[in-house]
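Taken from Swiss-Prot as is:
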type    : residues                                             : note
BINDING : Gly8, His9, Ser10, Gly11, Ala12, Gly13, Lys14, Ser15 : ATP binding site
BINDING : Asp56, Ile57, Arg58, Asn59                           : GTP binding site
Amino acid sequence: MRLIVVSGHSGAGKSVALRVLEDLGYYCVDNLPVNLLDAFVQSVSESKQNVAVSIDIRNIPKKLKELNTTLEKLKAELDVTVLFLDANKETLLTRYSETRRIHPLSLDSQSLSLDQAIELEQEILMPLKAHADLVLNSSGQSLHDLSETVRMRVEGRERKDLVMVFESFGFKYGLPSDADYVFDVRFLPNPHWEPALRPLTGLDGPIGAFLEQHQSVLDLKYQIESFIETWLPLLEKNNRSYLTVAIGCTGGKHRSVYLTQKIGEFFADKGHQVQIRHTSLEKNVKE
């Protein structure tokens, strides 16, 4: 039996993750109190069915040590994965504004504003996030994108495959929090300064044609691919479930998008499990 414990920030997508796991054949339980986790697992262990449980901030003990002790005990007996759903404050504020729901911590203390509740929850959950096996950042992702991310990561972990995630971003929006490697490509020639190219993105042919005229772009693409290829065997031997490579330019529209797409396709063509995301483009589409 395999157990996935789903936790994370309220509004970051725990319910979405649980629905995906249910579709993958997991027996799912929402908002299970931590003190019942061990007994629940023992009660279903003979069924041999994979199980997923979500733990809400209100069900986490005040002393996280109690939760860690329970998880360590279960890990000694079962194949246990802790999946943590993360999102930045801007995304969480937007989601709560759209759904008009009340944050769980605000229910317990009506003196807390939404902003304060989010910050308090981040502080409480920090140790749990640090010990999670999978951390997924849902900032700016649609329900479909998040569902696909969860599915790929979980299925990849079940097959013991390394899932390679390539994401482009804009430095003006901040660094991605889930990246293992970050490449800054702001020194490359910028199509933004060509009026005819400015409205396009790195996914468009004319942008690719412009960038491929410059040897520096081709050299950097080759060097990033070579760097990852060199160390990939050791990363796979280290029992990693996923590798996230972030490539950033100023706005996340042209240079980083082009390189992320091409490098992701390079590794996909070699048979690796690859997911490609363009975070700033997704953000701009929503805006």
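Including glycine, each Cβ sits where the backbone N, Cα and C put it.
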### Query
Are there any residues in the same chain, six or more apart in sequence, whose C-beta is under 8 angstroms from the C-beta of Gly11 (ATP binding site), and if so which?
Ala87, Thr91, Leu92, Arg95, Tyr96, Arg101, His103
### Query
Which residues, sitting 6 or more apart from Ile57 (GTP binding site) on the same chain, put a CB under 8 Å from its CB?
Ser10, Pro104, Leu105, Glu121, Ile124, Leu125
### Message
Can you give me the residues near the recorded ATP site, meaning same chain, not Gly8, His9, Ser10, Gly11, Ala12, Gly13, Lys14, Ser15 themselves, Cβ no more than 8 Å from the center of the site's Cβ atoms?
### Response
Leu85, Ala87, Ser138
#### Entry: Reduced DSSP assignment, Ala12 (ATP binding site)
coil
### Asn59 (GTP binding site) and Gly13 (ATP binding site), Cα-Cα, nearest whole angstrom
17
### Message
Other than Asp56, Ile57, Arg58, Asn59 themselves, what residues in this chain have Cβ atoms within 8 Å of the centroid of the GTP site's Cβ atoms?
### Response
Asn31, Ile55, Ile60, Pro104
### Query
In the structure shown, with every protein chain counted, which of the binding-site residues Ser10, Ser15, Asn59 has the densest set of Cβ atoms within 10 angstroms of its Cβ?
Ser10
### Task
Check the Cα-Cα distances from Ser15 (ATP binding site) to the binding-site residues Asp56, Arg58, Asn59 and tell me which is shortest.
Asp56
### Fewest other Cβ within 10 angstroms of its own Cβ, chosen from the binding-site residues His9, Lys14, Arg58
Arg58
### Task
For Ala12 (ATP binding site), list the number of other Cβ atoms lying within 10 Å of its Cβ atom.
26
### Listed in sequence order, residues with CB under 8 A of Asp56 (GTP binding site) and six or more positions away
Ser10, Lys14, Asn31, Pro104
#### Entry: Tertiary neighbours of Gly8 (ATP binding site) (same chain, Cβ under 8 Å, six or more apart)
Lys14, Leu83, Phe84, Leu85, Asp86, Leu125, Lys129
